[in-house]
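Positions annotated as domain 'Cationic amino acid transporter C-terminal' by TrEMBL: 494-543. If you look up TrEMBL, you'll see 51-72, 78-100, 112-133, 175-197, 209-227, 247-266, 278-302, 322-347, 380-398, 465-484, 496-515, 521-539 (among others) marked as transmembrane segment.
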Amino acid sequence: MSAGESSSTSSWFSHFWSSALRSKPLSPPSETTIRAASGGGLVRRLGLFDLLVLGIGASIGAGIFVVTGTVAHDAGPGVTVSFIIAGGSCVLNALCYAELASRFPAVVGGAYLYAYTAFNEIIAFLVFSQLMLDYHIGAASIARSLASYVITALELIPFLKDNIPSWVGHGSEEIYGAFSFNLLAPILLLLLTIVLCRGVGESSILNSVMTVTKVVIVIFIIIVGAFEIDVSNWSPFAPNGFESVLTGATVVFFAYVGFDAVANSAEECKSPQRDLPLGIIGSLLICVALYVGVCLVLTGMLPYKSLGGDAPLAEAFTSKGLSYVSVLISVGAIAGLTTTLLVGLYVQSRLYLGLGRDGLLPSLFGEVHQTRHTPVHSQIWVGIVASVLAGFFNVHILSHILSVGTLTGYSVVSACVVTLRWKDKTALQVFGKSISSRAEGLLCLITVVCCGFAAGAFYRFGASFIFLILAVVIAIFAAAALHFRQVYADTPGFSCPGVPIVPTLCIFVNIFLFAQLHYEAWVRFVVVGIVTVVIYAAYGQYHANPLSSNTLIIYQKAPSEAE
């Protein structure tokens, strides 16, 4: 290699690292500017009620009618504790989201934006890519399930029964294990994409109607089922021991994910600093109450050994002679899937909007329609990707690689809470060597991540209990170092309690769950990471502008805040 080529390569790497390690400055939440480019900004129309139904709509899907029975088959009535444990873990994550949502300017981005500010550009882009793959595959999978439920409902009409080809809604036979044609799923995605492109007002109305419908149905099911409970079915409460209850918690954890959708609606929220924390935590607590209520009714109506089918809740009511409730369950499932899909598509477009504005993706994604005030280009792109996946692929085989982005995003958000609270101070002495307080803090956070994964792997593969305890002890020491050797500043607005212990606990639990995922998910994490770095190296590093939110966007106060 010649001296000139060597110098050019060195220059490229120098530019890459300087770009990858830059971060976005944190603007005060009171910033009052208007987006002056790309035809204006989003419109603030969402109040607290809208945020609550947004969070509930994202979290409560058809799973409430299926997952509860599936886990109860192994955990017994202790499935109730499984949902409480998982819900408690999600509440801790929600507290971290709530602090950052109240601390940041009212702008789209969520976990991506927080990572961009607390860490650097490349980590933010990696968080986005991992989350986005989860959202894309999840949307396609939900669309297929919704299509199947719709066809099942249509087949209740006598002349349609057994006359609708399987490829219309249930999916054709698999080809090479990966391809399976479905006509209805892309059509449903197209309709929801049109609703979202028309405006947040229209989509919010549809989401509110469907969410209220499914919540009313779930409450009705709980009330009716309560009169059919046989308390003897609750004994033994944990027939397979506490380990099965804990394993159940790792499974049902994913039934709660979705509350982060509220954080991504910041730019369309009327009073973001006040309502976002309430919307995030409030919607999650409502979901916990609904799940626990369904678990108690289900395990009280039937012995746990008879649960675990495709429609355990419907079977429970049918066994009690209440067949009409099964129809309501089908309606609730359709409403639940519709809102989950609607909110998922909404969140994806807002994330693309944030990256388009920052230059990490082409500026087309950062444009907002002048009259509709929606990111039409981003929304259409999201709809196309989901439609292709749902229309031509057997997305259920991709379920093994889901949840990686969610757990990664939650962990990064928790770490953001810790790092953004650090005060600058002099270098610390560690083993006789000088090290900055930030470097030491990051080392402690990385230690917690490693210990969380190690503990999860030891638990998953049945290693000696001593190794599990050792990983936990090391994580405790790292958390203690974060607590006693760092100085933390107070934050305006909502503050996550127990910093740094609560965020550190979130990271440990999330990564512990990460280790429970299928090994294909670990491979996906690495592959997506490599592809993301390549895309960033080829495009992102040359076009990104961390100051874009300061130069292009000025955030208007909502009417209630301006008074």
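Every residue gets a Cβ built from N, Cα and C, even glycine.
TrEMBL annotations: computationally assigned, not manually curated.
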Please spell out the DSSP helix, strand and coil residue counts for the domain 'Cationic amino acid transporter C-terminal' (494-543).
39 helix, 0 strand, 11 coil
Test the contact criterion for the transmembrane segment (247-266) and the transmembrane segment (78-100): 3 or more CB pairs under 8 Å, pairs 6 or more apart in sequence, then answer yes or no.
yes
Using a threshold of three or more Cβ pairs below 8 Å, and leaving out pairs closer than 6 in sequence, do the transmembrane segment (51-72) and the transmembrane segment (322-347) count as in contact?
yes
Can you tell me which parts of the same chain pack against the transmembrane segment (521-539), counting only residues 6+ beyond its ends and a CB-CB cutoff under 8 A?
16, 20, 121-122, 125-126, 129-130, 133, 360, 400-404, 408
Cβ under 8 Å to the transmembrane segment (51-72), counting only same-chain residues 6 or more beyond its ends: which ones?
79, 82-83, 142, 145, 149, 204, 207-208, 210-212, 214-215, 218, 248, 251-252, 255-259, 261-262, 265, 269, 275-276, 278-280, 282-284, 286-287, 290-291, 294-295, 298-299, 304, 307-314, 316, 329, 332-333, 336-337, 339-340, 342-344, 347
When counting Cβ pairs under 8 Å to the transmembrane segment (278-302), the leader among 78-100, 175-197, 209-227:
78-100
